[in-house]
Amino acid sequence: MAARPQNIGIKAIEVYFPRQCVDQAELEKFDGVSEGKYTIGLGQTKMSFCDDREDIYSICLTTFSSLLRKYNVDPNSIGRLEVGTETLLDKSKSVKSVLMQLLAPHGNTNVEGVDNVNACYGGTNAVLNSLNWIESSAWDGRDAVVVCGDIALYAEGAARPTGGAGCVAMLIGPDAPIVLDTALRASYVTHAYDFYKPDLTSEYPVVDGHFSLRCYTEAVDACYKAFNAREKVLKEKTQNGTNGLCNESNTGLDRFDYFAYHAPTCKLVQKSYGRMLYNDFLANPTHPNFAEVAPELRDLDYEKSLTDKNVEKTFMALTKKRFAERVKPAIEVATLCGNMYTGTVWAGLASLLSYVKFDPSQPKRVGIFSYGSGLASSMLSAKVVGDVSTIVEKLDLINRLNSRVVLPPQSYVEMCDLRKHAHLKKNFKPSGNTETLFPGTYYLTEVDDMFRRKYEVKA
């Protein structure tokens, strides 16, 4: 019998974001809000956006084709292709089926997987499905690809600066430099109307902002507790079958060298990192690290703790240095692009690789927290064990971020209006300027009278 695959994880990553963005400080002035409301209050610097030339099909085609090209991936080496998105153009036809245009011409149509939809969580579900497939008896020896991305738009108002646009494609298989622990993960899923899209005539969601922040915090708490409990069980068993990552001696927050979060806003990520230390405090309040923590925080009612400013300030202060070193590198893309929804947490991993130098002789553990409203969430454990310099070089993330065009807020509003006009249209030709696109970008040329969409690639 053939040996089971080992060290399953991410072998290649590509990140796509539109060429144009808006400066959040300029958007503050344009919106007439107080200085720092978006840049400090939300922790956002720039926001990516696109006009009617790009849609979910085009950005996924762009990202997937770029992954294949940059890493010289044989289209026939892919046995599973899954998509995570909440940007829907069709209630029946999957985005994955559109992406098959990049595999089928090579004779590869024997490819499992379709789309995963649950707000910002779909990409993570696609990753978990891919890991499960490679570990299963159904695996045929080929790699999996996950493509996850969205165009995040909001109606004018307080939520609009939390938008963004982008996409991530990942090649997943055995003997990877970034190993995902297939045995150690935890999830929290429940019913909540915090953010949802019931109006199919609009790209805009219905959002209960304060409730959604609370839901995210509850998910961090629940996933972290379940993750810790699962790790304890695994440590008490033999190490067999844990994909080699569960022999850690550290406990609590410090067992993670780095942490990547889903980032609705970067300020929420900072609060959530502190919140995890608060959970450590509750589990072991007499630990010397918590000597300066007010004792009354130990007995705080859970419901009250979710919004208690003393808890927030105390543990954000205690984690300030660690946050700057271990988490901030993973939110640089989110800070500069905004929310990619399903792609955000995985773009965070790419961001971490690009802003931190990893030494293959010193493996580093990375925690991953994924959240999607409605709600579904998971916490995972990864380890950078191999040479990721090729990934960093091919991503070329920092140079590409710096090469974008910053447009004035009025242009952003006009492009939002273009998208609003284009939504659900047939017999339609977009009017956006293709000169604003990066070379290699797929763009929409026409929607015919049967809603069939046609694309070309920017030279």
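Placement of Cβ uses the backbone N, Cα and C atoms for every residue, glycine included.
Over in TrEMBL, the protein carries these features:
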ACT_SITE  GLU86  active site, proton donor/acceptor
ACT_SITE  CYS120  active site, acyl-thioester intermediate
ACT_SITE  HIS262  active site, proton donor/acceptor
BINDING   SER212, LYS267, LYS271  CoA binding site
DOMAIN    4-177  domain 'Hydroxymethylglutaryl-coenzyme A synthase N-terminal'
DOMAIN    178-458  domain 'Hydroxymethylglutaryl-coenzyme A synthase C-terminal'
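Annotated features, which come from TrEMBL, shown on the structure.
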| residue | record | DSSP (3 states) |
| --- | --- | --- |
| GLU86 | active site, proton donor/acceptor | coil |
| CYS120 | active site, acyl-thioester intermediate | strand |
| SER212 | CoA binding site | helix |
| HIS262 | active site, proton donor/acceptor | coil |
| LYS267 | CoA binding site | helix |
Worksheet item: Do any residues at least six apart in sequence from SER212 (CoA binding site), in the same chain, have a Cβ closer than 8 Å to its Cβ, and if so which, in order?
Response: ASP194, PHE195, PRO264, SER373
Worksheet entry | List of residues, in chain order, with Cβ under 8 A from that of LYS267 (CoA binding site) and at least 6 apart | ILE40, GLY41, LEU42, GLY43
Worksheet item: List, in sequence order, the same-chain residues at least six positions removed whose CB sits under 8 Å from that of CYS120 (active site, acyl-thioester intermediate)?
Response: GLU86, ASP150, HIS262, PRO264, ASN339, TYR341, THR342, THR344, VAL345, SER370, TYR371, GLY372, SER373
Practice prompt. Note the Cβ centroid of SER212, LYS267, LYS271, the recorded CoA site, then list each other residue of that chain whose Cβ lies within 8 Å of it, in sequence.
Written response: LEU213, TYR216, THR217, PRO264, THR265, LEU268, VAL269, SER272
Worksheet item: Does LYS271 (CoA binding site) have same-chain partners at least 6 apart in sequence with Cβ under 8 Å from its own Cβ, and which are they?
Response: THR217, GLU312, MET316
Response to the item:
Other C-beta atoms within 10 angstroms of the C-beta of GLU86 (active site, proton donor/acceptor) total 28
Discussion item. For the domain 'Hydroxymethylglutaryl-coenzyme A synthase N-terminal' (4-177), what's the mean pLDDT in this predicted model?
Written reply: 97
Fill in: HIS262 (active site, proton donor/acceptor), number of other Cβ atoms within 10 Å
32
